[in-house]
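**Q** Sequence annotations record features per position, and here Swiss-Prot assigns compositional bias 'Gly residues' to 28-39. Swiss-Prot lists 64-207 with the feature domain 'MH1'. The N6-acetyllysine annotation in Swiss-Prot covers Lys64, Lys70. Taken from Swiss-Prot, the feature ubiquitin cross-link covers Lys64, Lys70. What Swiss-Prot lists as compositional bias 'Basic residues' is 67-76. Swiss-Prot lists Cys125, Cys180, Cys192, His197 with the feature Zn(2+) binding site, giving similarity to another entry as the kind of evidence. According to Swiss-Prot, the region 'Important for interaction with SMURF2' annotation covers 208-217. The phosphoserine annotation in Swiss-Prot covers Ser249. Sequence annotations record features per position, and here Swiss-Prot assigns domain 'MH2' to 261-426.
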Amino acid sequence: MFRTKRSALVRRLWRSRAPGGEDEEEGVGGGGGGGGLRGEGATDGRAYGAGGGGAGRAGCCLGKAVRGAKGHHHPHPPSSGAGAAGGAEADLKALTHSVLKKLKERQLELLLQAVESRGGTRTACLLLPGRLDCRLGPGAPASAQPAQPPSSYSLPLLLCKVFRWPDLRHSSEVKRLCCCESYGKINPELVCCNPHHLSRLCELESPPPPYSRYPMDFLKPTADCPDAVPSSDETGGTNYLAPGGLSDSQLLLEPGDRSHWCVVAYWEEKTRVGRLYCVQEPSLDIFYDLPQGNGFCLGQLNSDNKSQLVQKVRSKIGCGIQLTREVDGVWVYNRSSYPIFIKSATLDNPDSRTLLVHKVFPGFSIKAFDYEKAYSLQRPNDHEFMQQPWTGFTVQISFVKGWGQCYTRQFISSCPCWLEVIFNSR
């Protein structure tokens, strides 16, 4: 009976693997954009699997790597390609089964719970020996065809490849979430192998592609900037300013105020919904509908907006995003099934006078804010910048819908549902 249950768990896990492989998924996320951060106008509202896997989805965030791979691609005849794909699938299945059968029943149950939840609920760490090496290819038990050199995966990487991102190749492409016990540990004896405790790393090309550019002058307040709106008691003395057009924000702090590290405002088009949300914990979940959710629930806010587009986008926010303050800056993890769009002064080339809007696919993380870079961008020796408040401590995030040159929405205030994250500069 014990063996029967374990075998059933293994079969159930294999049936829950991420759909598609590299060839099947190529170009899925590119839409009309090809392979970079350009031309997402046709795909801004497309849903993706909870894992956010697939070469196409990685392509828009890791465009340079994907283009390099395509440049060295040599097409195979259909029969040859199908045979190679079938062999790779068989190898991966054999390797995965051999690894899973080494796990205890309780470990298999924890892994299955994490995989079937698709990151919608907080699941426990799955701690396994970190030195276990999985080889796929010649020399490995799973391989019979010596056509290519063997691929070696750590156990966490293998499980991420099987259950989230079939095109995953290297550990440098993933980032461990701060909620994980293995976060920040180097070569531990036991490492967490929960595939939903890692995210796909969104790397930006250098220099950034010409997508959704904004003049840096828009960072400066305009002459018709309205008066400051008095803050509520929960903002810790934060005054909120909304310059015309872009609705950018500035954080004005009372001396000695260290009660929060950022403030979050939720907007529907040009209307702010609910109060400003002060963030004191290092991690915050922002979601609309999340099982066992703990954080900023947008679904509990009272909104009078009757727009069908707003209501449609609101229903797609789902698990939303995770905002975390870490040693190197502030990271945003897209937990939803749809892309998010981010604009931040610290994501761009400091010598550029333009800002970009960056598209982040489901399952990906991006370092949305860098404190050190933000301080350097203040240009303390620049007389013009010293005379006016600066908005570089603000990040704007739109759910599902993008804005900029590739869209009819030129400004984020035209987006149905979006966030403004205002960082404490002290």
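FYI, residue positions are counted from 1 along the chain as it appears here.
Placed from the backbone N, Cα and C atoms, the Cβ positions cover glycine too.
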**Q** In which DSSP state, out of helix, strand and coil, do we find Cys180 (Zn(2+) binding site)?
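**A** Coil, per DSSP.
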**Q** For the binding-site residues listed here (Cys125, Cys180, Cys192), tell me which residue's CB has the most neighbouring CB atoms inside 10 Å.
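**A** Its Cβ has the most other Cβ atoms within 10 Å: Cys192.
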**Q** What is the number of other Cβ atoms found within 10 Å of the Cβ of His197 (Zn(2+) binding site)?
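**A** Around the Cβ of His197 (Zn(2+) binding site), 24 other Cβ atoms lie within 10 Å.
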**Q** Compute the centroid of the Cβ atoms of Cys125, Cys180, Cys192, His197, then list the same-chain residues not in that set whose Cβ lies within 8 Å of it, in sequence order, for the Zn(2+) site.
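**A** Filtered neighbour residues, in order: Leu126, Leu127, Arg176, Leu177, Cys179, Glu181, Ser182, Tyr183, Cys193, Asn194, Leu198.
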**Q** Which secondary structure state does DSSP assign to His197 (Zn(2+) binding site), in the simple three-class scheme?
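**A** For His197 (Zn(2+) binding site) - judged by DSSP and reduced to three states - the answer is helix.
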